[in-house]
């Protein structure tokens, strides 16, 4: 039986996913992708820029009154894997409201992509395709702090 994916959760109320989650300003960013895709490494890079760890490797999601919340799975709370170094202790935060999902298996081809979203736990959550995005950790930190501009481009 395969593990649950964020794309399998439209009608569920809660789930534990193979994912990582960072928080910036109390807002959650869920990072999904195959084993070895760089989920933990991305969270570590974001932590170096001021993010906090919600959970690594297993993240508990719940529909909490119309908002998807994320928290660490209890048995691995406060631990993150640093490949080639080992398991590191980290002060965890959470639960946090989920603001974005980043999929490290999907590549964004557009330079300025239109917003897209997925349905998870009965809620709509913005989705970002993160594979191969330069400076991803820095860009995600800025996104989480200040949001994204969606300009109405002038018509020709």
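Every residue, even glycine, has its Cβ placed from backbone N, Cα and C.
The annotation domain 'HPr kinase/phosphorylase C-terminal' is assigned in TrEMBL to 15-90. Confidence in the domain 'HPr kinase/phosphorylase C-terminal' (15-90), given as mean pLDDT, stands at 95.
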Could you give me three numbers for the domain 'HPr kinase/phosphorylase C-terminal' (15-90), the DSSP helix, strand and coil residue counts? 13 helix, 38 strand, 25 coil
